[in-house]
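Below is one structure, written out as structure tokens, with a few remarks after it.
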Amino acid sequence: MNLFVIRYAEIALKGSNREWFEKKLLHNLRRHLDVLGKHHSWKIHSRMLVETELDATLVAKVLSQIPGIANFSLAVQETHDLEQLGKAVQTLAEGYLTKHPQTQTFRIQASRADKFFPLNSMNLSAHLGGAILERWPHLKVQLKDPQMELGIEIWTQGRAILYLEKSPGLGGLPVGSSGRMMSLLSGGIDSPVASWQMNKRGAEMVYLNFHSYPYIGEESKEKVIQLVKHLSRYQPKTILLVVPFAEIQKEIKTLCSERYRTLLYRRAMNRIGNRLSFKYRTKAFVTGEALGQVASQTIENLTCTEEAAQFPILRPLIGLEKSEIIKLAKEIGTYPISIQPYPDCCTVFLPRKPETRAKLEDLLAEEAKLDLNALVAQAVAGVEVLKFETSLEDRFF
Ligand code: ATP
Ligand code: MG
């Protein structure tokens, strides 16, 4: 049986909301682990524990991807019996030293939630350090950057846990604790990274994709589905809304001035997004826009497109360079999916010379040529709703 102890950082800052945040994290943790198989997970002493027969490497991989977890350790459980604790520390050290025979330095880090425990943290560290030196007299205690580090936490009700290393988690806040948002997800590199950033800040995503069938093929939709499946390792249950966008694009192409085309597409996306936000109870839009990256992302043009949105538009990548975004996309694993060469709806009827500093009144005049209400209603009526729960295969193989 493996025992994982999970620590969370930022949640602790949340004062009276703390319990609610913890509940969210525990709920997410259980949902993510349910995908793997049987486990018993619960909260104790500002920690979460997972007891399971499941493969430890697999569990560790899942834990490392759940927003809200600061770090975690594979642990052993003991009683408060000092002699037993000494033996347990020796067993852990033996495992480590067999793998790392060159080890010279170590330290014991003890903490105590049970203040009735007879030794304070310092004395307990010294006591257990003694147990190590008794077996391996050549080792030296080193408080700063030791090679081997052993942790012990004394809990109430006669429980103690010991562990060797802390594996880093994603940090951030549990998904859902910052509310629901609508992520405008193209098949590109940027928007999946933006979604992940907001997941880490506790936002739950409803994904929205605009698709220009028949001008672009089914492969483009498949690519977005792959992205959503991949991203659901950070958020276990997801909805993807696919909006038919070709009709609106055709009307814009036929009736409006060419240089405003992309901006009119963007404004139409926001209008459709507004309607769907009410229906799916999302509180903001999330996009992958970065200042000045392309013509539609100058501050003037962003201002013009934003005007059509009834909800705040959050742009977590706004100050990043493309190379920084690509680095993140590689880290989170969306990059290889994003670079598959299938077009996005925005490439349909690309203007030869797009406007870089549009004026709102000009865009409004262009829009007046369209029967926007009817076009938006038609697009909303045609939305395809896809729901995902990550399968084991999608995650790991
Ligand atoms: P990305 O790599 O995310 O596609 P980009 O640099 O290619 O971004 P644009 O194509 O101008 O930039 O898109 C800007 C943002 O608009 C995207 O990040 C995304 O949030 C949204 N967007 C663009 N096309 C679509 C689409 N087909 N469906 C949903 N959202 C879209
Ligand atoms: Mg794009």
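Keep in mind that glycine also has a Cβ here, set from the backbone N, Cα and C atoms.
TrEMBL labels come from automatic prediction, so no person has curated them.
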Study note, to complete from the structure: Among Arg159, Arg233, Arg261, Arg266, the candidate listed by TrEMBL alongside Leu184, Leu185, Asn209, Phe210, Gly288, Gln297 for ATP is Arg266
Practice item. Of Phe210, Arg266, Gly288, the binding-site residues listed, which put a C-beta under 6 Å from ligand 1? Please answer none if none do. Key: Phe210, Gly288
Point to revise | For the domain 'THUMP' (57-166), the mean pLDDT of the predicted model | key: 94
Review point. What does DSSP give as the helix, strand and coil breakdown of the domain 'THUMP' (57-166)?
Key: 40 helix, 29 strand, 41 coil
Point to revise | Residue among the binding-site residues Asn209, Gln297 whose Cβ has the most other Cβ atoms within 10 Å | key: Asn209
